[in-house]
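Enquirer: Below is one structure. I have some questions about it.
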Amino acid sequence: VVKEKNRMGECPVWEERENALVYVDINSQKVCRWSPLTNEVQSVSVDARVGSVALRQCGGYVIALGTRFAFLDWDTQVVTTILELEQDKPNNRFNDGKVDPKGRFFAGTMAEETAPGVRARGQGALYTLFPDHSVIKQLDHLDISNGLDWSLDHRIFFHIDSLTYSVHAFGYDVHTGKIACPKLVYHLDKEEQMPDGMCIDAEGKLWVACIDAGRVIRIDPETGKRIQTVKLPTPRITSCCFGGKDYSEMYVTSAYDGLDEAALAKEPHAGEIFKITGLGVKGIPQNFYAA
């Protein structure tokens, strides 16, 4: 549905009030918004790689870029820094993020590659930005903090650390925002490659984007079994969300960075955004950052 190619399309968010899909292109340092009505993509350039975007209750967006949290005013294109983190780790940046059921923004970090396929391990962390702009560190020693969401009863937090090739579930206290007691939900098999972004559907099942495997998979977190696979026409599938007027459509982002010239010649859809219909299941609306 979006032919404008992204170097590293990520973190799709359906924004009901704008009837639009918001997402980031991490490596192009852009926050983007696509209207299915006009088919137009608007974008705002920022001054660092931007790992994630989420909706703000009062309008505009909260973003995680470089190693800082910030607000983005879409109309003026002004970025206002809230807080700088990890200033002792100049090679780190924020990656995926999402707002919890109480309006707190969870986002995690990772080390950038120093050469193709080479990155320092265990440099990432997961943080929570509260509505009063205070921050706590929830997890440490992560490789690539990635896909995240909450169970429908708000008792479980799901999280991916990509280089473990696994989805984990944590106990989640909705009152304090704290997480605890990780358990393995699902370990990806060889053909599923590496887990990236993730979302939950209205039946409480998880959808995981598999980067370099060209697919999204549906997992039952209670049984730990994969129950569905949807293959897409390009390998570097990065994230997914539900949207559309009744949240019955799935939007899937992809990337072309990481493909060499020979691979790109064979992958005309790399970096595009796709819509999957007919899944027979709906998603749930995104939460708003409560400040």
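Cβ coordinates come from backbone N, Cα and C, glycine included.
Sharing the record's features from TrEMBL:
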- 8-255: domain 'SMP-30/Gluconolactonase/LRE-like region' (DOMAIN)
- E10, N146, D196: divalent metal cation binding site (BINDING)
- R93, N95, E113: substrate binding site (BINDING)
- D196: active site, proton donor/acceptor (ACT_SITE)
Enquirer: Out of E10, N146, D196, point to the one nearest N95 (substrate binding site) in space (Cα versus Cα); all of them are binding-site residues in the record.
Expert: N146
Enquirer: Restricting attention to the domain 'SMP-30/Gluconolactonase/LRE-like region' (8-255), give the mean pLDDT.
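Expert: In the predicted model, the domain 'SMP-30/Gluconolactonase/LRE-like region' (8-255) has a mean pLDDT of 97.
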Enquirer: Among the binding-site residues N95, N146, which residue has its Cβ surrounded by the fewest other Cβ atoms within 10 Å?
Expert: N95
Enquirer: For the divalent metal cation site (E10, N146, D196), what does the 8 A shell look like? I mean other same-chain residues with CB within 8 A of the CB centroid.
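Expert: The answer, listed by sequence position, is C11, N95, D96, I144, G147, I160, S162, G197, A209, I211, T238, S239.
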Enquirer: Going by C-alpha distance, which of the binding-site residues E10, N146, D196 is nearest to R93 (substrate binding site)?
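Expert: So, of the listed binding-site residues, the one sitting closest to R93 (substrate binding site) is N146.
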Enquirer: Residues with Cβ closer than 8 Å to the Cβ of D196 (divalent metal cation binding site), same chain and 6+ apart in sequence?
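Expert: Once residues fewer than 6 apart are set aside, D196 (divalent metal cation binding site) is near D96, N146, G147, I160, S162, V208, A209, C210, I211, I237, T238, S239.
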Enquirer: Neighbours of the substrate site R93, N95, E113: Cβ within 8 Å of the Cβ centroid, same chain, sequence order.
Expert: I26, R49, G51, N92, F94, T109, M110, A111, E112, R119, I144
Enquirer: Including all protein chains displayed, how many Cβ atoms other than that of E10 (divalent metal cation binding site) lie within 10 Å of its Cβ?
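Expert: E10 (divalent metal cation binding site) is surrounded by 26 other Cβ atoms within 10 Å.
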Enquirer: May I ask which residues of the same chain, at least 6 positions away in sequence, place their Cβ under 8 angstroms from the Cβ of E113 (substrate binding site)?
Expert: R119
